[in-house]
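What TrEMBL lists as domain 'Sodium/calcium exchanger membrane region' is 3-91. What TrEMBL records for 7-27, 39-61, 73-95 is transmembrane segment.
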Amino acid sequence: TNNIIGGLLAAAFGNIVELIISIFALIHNEIEIVQTSLLGSIISNLLLVLGMCILVGGYYYEEQKFKKITAQTISSLMTLSCISLIIPAAFNTLIENNGNNSLEIRKE
């Protein structure tokens, strides 16, 4: 139906500007721009969109019901995205605090 086609087009082309900017940034070796763009996209999709849905839903309905599998999926995605952002930041911090960009292997 038309709703399905419209939804697919919105999902496919909703982030086309972000994709084009990321491609040009990668061509010009601007990795930090791509990383921060992805970080902002992840945070806005997980926190802002979900939070607004819950807020508006709470305004119109006194009690909301959610399917268990949906809540588990969303919380798993949020955990995965947080881990995928924390681990590289932790490695970067450890490398900067160490003072050199090489790993040492020692035998004792």
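Glycine too: its Cβ is placed from the backbone N, Cα and C atoms.
Beyond its flanks by at least six residues, the transmembrane segment (7-27) meets 33-34, 37-38, 41 of its own chain at Cβ-Cβ distances under 8 Å. Listed by sequence, the residues of this chain that lie at least six past the ends of the transmembrane segment (39-61) yet keep a Cβ under 8 A from its Cβ atoms are 15, 18, 74, 77-78, 81, 85.
Taking DSSP states H, G and I as helix and E and B as strand, the domain 'Sodium/calcium exchanger membrane region' (3-91) has 77 helix, 0 strand, 12 coil.
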